[in-house]
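Listed in Swiss-Prot for this protein:
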{"type": "SITE", "residues": "ARG24", "note": "site 'Transition state stabilizer'"}
{"type": "SITE", "residues": "LYS31", "note": "site 'Transition state stabilizer'"}
{"type": "SITE", "residues": "ARG159", "note": "site 'Positions MEP for the nucleophilic attack'"}
{"type": "SITE", "residues": "LYS215", "note": "site 'Positions MEP for the nucleophilic attack'"}
Amino acid sequence: MSIHAGGLQVPVSVIIPAAGSGRRMGGGTAKQFLPLRGEPVLVRTVRRFSECPLVDEIVIAAGDVEATRALVGHMPKVTRIVQGGAERQDSVWAALQAVHSRPRIVAVHDAARPLLTADVLKGVLQAAADHPAQVVAVPVQDTIKQVGPDGVVVATPDRSMLWAVQTPQVFWADVLVRAFRQAIADGFLGTDDASLVERIGVPVRVYRGHPGNLKLTTPTDFRLAELLLEEEARQC
């Protein structure tokens, strides 16, 4: 359907980097292929976007292209599955080059976050129509300590100013492309896409998300996700 920005209908592309090995899960299967209540994690993640009327296309950067195509290539709005890279940043860049060339908004979302709610997705996409960089985030609940290499606390940041960043992270396409090109030129490797955009001086805004939008990293995360899905099913 696209969204309205500046009086124009702007197509929305979603990039899902899915080339991770999931080493922290143990075993030989990448976490995006592991079952979660009877369905692979990646299937659940892709469905969250394919069912969103604001999304026009989904591009996936995969470690195993053929296995990924067999799993989700038939799903609505999946237009391309490209080879991912050694780092997450490499995978996002590969997918970014594969999106359609029309002016658009690009949302980048972790393959291992299958619990994104429809309300948060719709809200952050609509917010991005008016601002070139939006990231889903939640306020931190724990006290955070900055610790030096010797294990001694250096500082205690003001918790009221700290947010835990999730995905999707949503950008105007030209801004994201410029940020990636600058990072490549500088040899910079960021921990998320927003850090690249911050480096080129574009303000990044937070859109309040939901704590249940977990990134599945450990077996404990999977158990918690199963409980959240059970609760979601009871509410339907």
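Heads up, the Cβ atoms here are built off N, Cα and C, so glycines get one too.
The structure, with features from Swiss-Prot marked on it.
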residue : record                                           : DSSP class
LYS31   : site 'Transition state stabilizer'               : helix
ARG159  : site 'Positions MEP for the nucleophilic attack' : helix
LYS215  : site 'Positions MEP for the nucleophilic attack' : coil
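Taking each of the recorded sites LYS31, ARG159, LYS215 in turn and counting other Cβ atoms within 10 Å of its Cβ gives the largest count for LYS31. For the pair formed by LYS215 (site 'Positions MEP for the nucleophilic attack') and ARG159 (site 'Positions MEP for the nucleophilic attack'), distance between Cα atoms is given as 22 Å, rounded to the nearest Å.
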